[in-house]
Amino acid sequence: MASSLLLALLFLTLATVVNLKTDGPCPACWGATFDLESHRELLLDLAKKSILDKLHLSQRPILSRPVSREALKTALRRLRGTRAETLLEHDQRQEYEIISFADTGLSNINQTRLEFHFSDRTTGGVEVLQTRFMFFMQLPPNTTQTMNIRVLVLRPYDTNLTLTSQYMLQVDASGWYQLLLGPEAQAACSQGHLTLELVPESQLAHSSLILDGVSHRPFVAAQVRVEGKHRVRRRGINCQGLSRMCCRQEFFVDFREIGWHDWIIQPEGYAMNFCTGQCPLHVAGMPGISASFHTAVLNLLKANTDAGTARRGSCCVPTSRRPLSLLYYDRDSNIVKTDIPDMVVEACGCS
């Protein structure tokens, strides 16, 4: 309900701004007279609404289980060292990497049970591609240990966990270890919960076999993919001076300014940008506008233009966008890395 009211208020305010200036044929053609600073709050609200919509969130996450900065830095450093490849801009599918830190479950001297919680991301064609378990072990010098790692799942209509697969890992030194988990673990992650049980083959006289301290907290990294659309990058013309021609107006959204720096880890902000300016008839008809919240606003403004205007001119609209790479906490305090499509306006043209 609050989201709908915000959207309605935003549309109404933008429409009011444009209707005060009806000297142009297109409501998007604000030209050089558009006062950026006076509408700053309005644009920031638009940016927040767009990000939440693309992340399928009704409101910003409230962190229930904060993760220490030391654990966060360690996890990101380990992942960057083991996964060098990056998402390509021409990849047609949106990818996420979700990092879930372990909560200690039912454990004793013979075993350690770790619980990992994932938000429900299985809707909308999301596929879990890979699941990796990363943990730190500390052993006395000149010691070898064999660790049995079990994947436990809760079957439908069952109250007990079921063993679905297990892995044997030999450890001969203290340090970080990673294990690539199979389809059973991937299925568990897609259902929102994964349980791992670590059982040493022999008992060692050591108080901290598996460290779950501040900087050695075990975690699972799940790589998932969702189908998307192919985008082609084009260069745009930035607005300069007093030019009234169609151009790209740069606008930076600072996440600290809007109070989102506590749940968005990286980046510190992004260049939202928008299109403004006039479109002469001889440059009209450029294709390439893609459906987005930005486009919906412009379409509504166009519909609210003075009904008495007989001639509808060409509009200055986005013709190319690129994704926003975002690293953030979800509502379960998991770390999510994703590229949100169509967030940064790269080029503008005349519709």
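Glycine too: its Cβ is placed from the backbone N, Cα and C atoms.
Among the candidates Cys29, Cys189, Cys350, the disulfide partner that Swiss-Prot records for Cys279 is Cys350. Cross-referencing Cys29, Cys315, Cys316 with Swiss-Prot gives Cys316 as the cysteine bonded to Cys246, criterion being a recorded disulfide. The recorded disulfide partner of Cys348, taken from Swiss-Prot and restricted to Cys239, Cys275, is Cys275. Annotation for the disulfide-bonded residues Cys247, Cys275, Cys279, Cys350: lowest Cβ count within 10 Å of the residue's own Cβ, Cys247.
Listed in sequence order, the recorded positions near Cys247 (disulfide bond) (C-alpha within 10 Å of its C-alpha) are Cys275, Cys316, Cys348, out of Asn110, Asn142, Asn160, Cys275, Cys316, Cys348. The secondary structure of Asn160 (N-linked glycosylation site), as reduced to three states from DSSP, is coil rather than helix or strand. Cα-Cα distance from Cys275 (disulfide bond) to Cys316 (disulfide bond): 6 Å (rounded to the nearest whole number).
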